[in-house]
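Report on the following structure.
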C-alpha cells in the first residue's frame, strides 16, 4: 500500500510535468493548427540554458533565462518558419516542425555529448518523510509548481485579453481578425508561452530522481505527445487529464515492473503509448477533444 | 511516352547497368541503401504525400520486414543465446516478410482508418516505441541488442552473396554480394516504382488525392474513405517491409537500434525534400537523404565547418542531419513541389524557351502534365 501511494504521488507529479508540455502543445495547436513536433527540442533548449548558466547566475536567474530563451526560440520558429510557410495542408506544417526538430536536437545533443548536466536546483536529493511514506522533495516541488503554473495559465486563458483573443482565434480565425484580433501576435504569443512551459517542464524532468539533463531527455519528452493526443489535441482540460493519466500509468507500470516482468522489460516506457492506442480505439478524437463535424 | 522521356529512361537504365562495373564496393553499398530507402519512401509517399496521412512509424515496418525475413529464413540456433527460425527457402521468406509487414499494418488499421493527418502521426509514433520494446524483448527472433546475421537470398541456386570457391566474374569484374544485390535492388525498385505509379495514376490514386484534398467531398463522391485509408496504410507498410528486407540483405546483420525514430523522421524528410505525392519525388528525396551523410564523410577534409571523425566539432553524420533538417524547412518555405518540382519548373522554362511563342498560347489551360 505504501509503495502504491508513493508511486501514485510520483506519478501525479510526473503527470503534472507532462501536462505542462502537453498544454503548450495544445495551445500551439489551438492558435495555429500546427502539430508541433519540435516541442521536445524547445524543452531541450530550455533545459540546456538552465544547465549552462546556473553556475554563473544562480539557479533562479538561470531558470528565468531558460524560460525566456525557450519562449524566444518558440516565437522565432513561429515568426521565421510557420508564418512564412504558405501551405494548405497542415500535415506539411507538422513535417516542417519535424525538420526544425531535427536541426535543433542534433545540434543540442552534440553540444551535450555524453555528459549529464546538473541543473543546480535547490531541492537536491532531499526526501520528505510522511509517516512511512517517502517522497522526494523535488517531486513535490514539481507538483506544486506545475499546478500553480497550470492554474495561472488557465485563468489567464479564460479572463485576460490575451486569452480571449487566443480563444477567439481558435474558434474562428477570420472573424477574430475582423474583430481586431492580431492573428500574428496571437500565434507568436502561443508559441512563446508553449516554449516557456516546455522549459519549466525540462527543469522538473531533469531533477531528482533523474540524474540530470542528458541526450535522452527528448525521448522522455516524447511521452507528452500521447498525453496531448489522448486528452484531445484541442482541449486544455484534455492536456491535464492526459498528462496525469500518462504520468500515473508510467509510474505504476514502472514501479510494479517486478510483477509485470512476464510482459517484458522496459514496459514503463511503452505503457503511455499503449494507453494512447487503447483510448484512440474507443474515442478517435481523444477523451475531451471535439469530434469534428462538418456541414456540407 | 514522349521521346525525351524515352531517352532519359534509356540513359538511366544504361547507367544503372554500367555502374557496378566501375564503382567500388562502398559506393555500391551506399547506392543499395539509397535504393532500399527509395522503396520505403515510395510507400510512405503513397500514404503521406498522396493520401495526406502522416506516419511517423514507417521505421517499424522496415523492422518488421527485416526481422521477418531473418526469422523466416534462418535455421534455429541452439546455445547460450538460442535463436529461433523457420529455415524456409529464402525467396519464400522474403515474400512472407513483406506480407507480414502488411499484416502488421492491417492490425493497426482500426486506428489508421479512423484518424487523419497529424493525429495519426502521433498515434504511429507509438509503433516506434512498441517496436523498440518488442525487439529488445523478443531476443529469440531479433537476437537482442546486437541483432543477428542475415542469411543471403538464393533464387534458383543463384546466391546473392560472396562465393569465394566459385567466383562469378563478368567482363573482368568479380561479382560479389553487392554487385549481385545491385541488380536485385534495381529490379525491386523498378517494380515498386511502376506499381506505385500505376496506383497513383489510376482510380485509386484519384481517390487518394481526393481524400487528401477534401475528405467530405471524397465521401460524397462515393469513395469509401476509411477503407481507402486502411488500404493505403497496409500498402505503405508492405513497401516498408520490402525496404526492410533489402536493407537486411545489404547490411548482412540486422540491429534493432537502427529502426528508431531517427530513421522514421529521415523517411519523412525524404518525401518532403523530393516532392510529395509522386514516385519520382520519393526516389529523388531518398537518394538525397541517404547519400548526403556519405558524401559529407567522404569529403569531410575538403569541406569547411566539418571535422574529421574523432575531433571536436560538427561531425559529418551530424552535419548531414542538420543539413537535411534545414532542407526540409527550406523546401517547404521556398520549393512547394520539392526537388522534383524544381526540376519540372526548370524543364518547363527550358522547353518554353526552345519552343518560343506559339506554344505559350495553349499553356493557359492546365493539363495533367503542367499541373504536376
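Cβ coordinates come from backbone N, Cα and C, glycine included.
Record features (TrEMBL):
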type	residues	note
TRANSMEM	B:26-47	transmembrane segment
TRANSMEM	B:54-72	transmembrane segment
TRANSMEM	B:92-111	transmembrane segment
TRANSMEM	B:118-135	transmembrane segment
TRANSMEM	B:181-200	transmembrane segment
TRANSMEM	B:230-251	transmembrane segment
TRANSMEM	B:258-291	transmembrane segment
TRANSMEM	B:322-343	transmembrane segment
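Residues 266, 268-269, 271-276, 278, 280-281, 284-285, 288-289, 292, 296, 314 of the same chain, all 6+ positions outside the transmembrane segment (B:322-343), place their C-beta atoms under 8 angstroms from a C-beta of that stretch.
Of the two recorded stretches, the transmembrane segment (B:118-135) does not lie close to the transmembrane segment (B:26-47), with fewer than three CB pairs under 8 Å once pairs fewer than 6 apart in sequence are set aside.
Within its own chain, the transmembrane segment (B:92-111) has Cβ neighbours under 8 Å at 57, 60-61, 64-66, 68-69, 72-73, 86, 120, 123-124, 127, 153, 230, 233-238, 240-242, 244-245, counting only residues six or more beyond its boundaries.
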